[in-house]
Amino acid sequence: MRLRGVVLSSLSAALAALLGKAISLFARIITAPRAIWTGGEPRPGPRVYFANHTSNGDFVLVWTVLPAVLRSRTRPVAALDYWLSSPLRAFIGRNVFRAVLIDRRPEARVEDPVSQMVAAIDEGDALILFPEGQRNASEAPLLPFKSGLYHLARQRPEVDLVPVWIANLNRVMPKGAVIPVPLLCTVTFGASLRIREGEAKDAFLARMSGALLELSGGAR
Amino acid sequence: MTTDLALLLSGVAAILLVATVIGRILRARIAPDGSNAVIENLNARIAAWWGMVILMALAFIAGRPGVVILFAVLSFAALREFLTLTTKTAADHRALAASFFVVLPVQYWLVGIDWYGLFAVFIPVYAFLFLPVLSALNGNPERFLYRIAETQWALMVSVYCVSHVPALLSLQIPGFEGRNVLLIAWLIFVVQFSDVMQYVWGKLFGRRRIAPTLSPSKTWEGFAGGILTAVATGSAFWWLTPFTQGQAALIALVVTIMGFFGGLVMSAIKRDKGVKDWGHLIAGHGGFIDRLDSVIFAAPIFFHITRYFWSLT
């Protein structure tokens, strides 16, 4: 019994690693993504990458361009209802990306999203977070940020917050598209930020949003 | 054929070896700490050349399927770069996806099965007529002509023109049977060598710029020196081709001038779109189109000349 468990879990780990490589390779073939680190070299350890959200492939792209050593310790924060909707997605979400799955329906929640993120940070993992909370299909470059980033920063003020601008992926995979169009994408990482002593929520979120927008270079 | 190909490849390897040594000496003498950007770029370019030549050699050794697949992949990479910069909206999504996943594979399949009649018209007639239909069906007229025209030119440049390189394999030249790969090797060698020599002559003696608003690095001195060197070298390698030495010189002149035009036109497009390079995947060179631009303009013309005067088909 025990042997079977060990075999099964190592099989699933191997499958997860293989699937991760395959997803990464696919992302590279379609978008040849280029990482631009404007705020210093990539660093290991707990930190929060917060990015603009225009496509379902966003976190895959951020994850793909991270150095391999950091990738295994970087977890996307994603919607539970989407990632548990089919067995394959659930496997990819849980085993490949080790996503921190957040329930978007406050009434059905058993766990507080901020505590879930704090727990991941405390384990030494980095997070990929989309503070807009949903895909941006509007003309505006960014939607107003939800407050999750603020509460997380409040609880762990010593953690670096890294703005990440993803360019062009919305053209590769616009909402509703099934087949991606191969186009070059860039992922720009800015200088890391932290919450200031006594900084109010609105001021903090505006500062984060501004820092992210600055990386866009005026383009969407 | 294999001995001739081996001879040419050893010649190229010898040139690269000399270039590698020069690059290392320059770095050691002038800026051993890697602080001179021109020298670092030169070394990156030479390193990338090794990679490109090795890849090319492997495709030649693999024969026809290898060459067709290699150029299909190059077309894919070039189209990905080109369409990144073109005008498009979400309404074009299907037309763009069809360009990658229908038009490109069909064009190379036609090369593979030697169907010249359809190969020659498939993109300029069928793709050009039906892709705008896909865009129009989505009913967004905003900048419609820009969108369809730029997509069409992307296909023309990245797929149609590039596919003329492997299409050289389908020519039937009496007395040259089984040696067509050498036509490709000779064409690529002459055109790329001309680019390299234009760069070298330009860096050493370049004074008067040809088109300062388009490309600061193109000078009359580089143009003349580079093309003359490449023509002399191309005619010296006439024994690889079905041409006489004089014919080889004349054809080398035509393809190197076409190659220069290709670089000029692609520079104008880059300027228009506000980028310095088409991509970033080939270290020191930029993108795939940065390296292919001259071949793109030279290949169809070389194909037509060879087909009209030498081929039975």
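Including glycine, each Cβ sits where the backbone N, Cα and C put it.
Where the annotation comes from TrEMBL, it is an automatic prediction and has not been curated.
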Task: transmembrane segment range according to TrEMBL, out of B:222-241, B:282-301 - done: B:222-241
Open item on the list: So if I exclude everything within five residues of the ends of the transmembrane segment (B:181-201), which remaining residues of that chain have a CB under 8 angstroms from its CBs? That is, six or more out.
Closed with: 1, 4-5, 8, 12, 56, 60, 63, 67, 165-166, 168-169, 171, 217-218, 221-227, 229-231, 233-234, 237, 240-242, 252, 255-256, 259-260, 263, 291, 294-295, 298-299, 302, 306
Task: Beyond the flanks of the transmembrane segment (B:91-110) by 6 or more, those residues with Cβ under 8 Å of it - done: 68-69, 71-72, 75-76, 79-80, 83, 118-119, 122-123, 127, 131-132, 134-135, 138-140, 147-148, 151, 154-155, 159-160, 163, 166
TODO: State the non-local partners of the transmembrane segment (B:151-169) in its own chain: residues 6+ outside its ends, Cβ under 8 Å from one of its Cβ atoms.
DONE: 64, 67-68, 70-71, 74-75, 78-79, 81-83, 86, 88, 92, 95-96, 99, 103-104, 107-108, 111, 116, 119, 123-124, 127-128, 131, 135, 180-181, 183-184, 187-188, 266, 289, 292, 295-297, 299-300, 302-303, 306
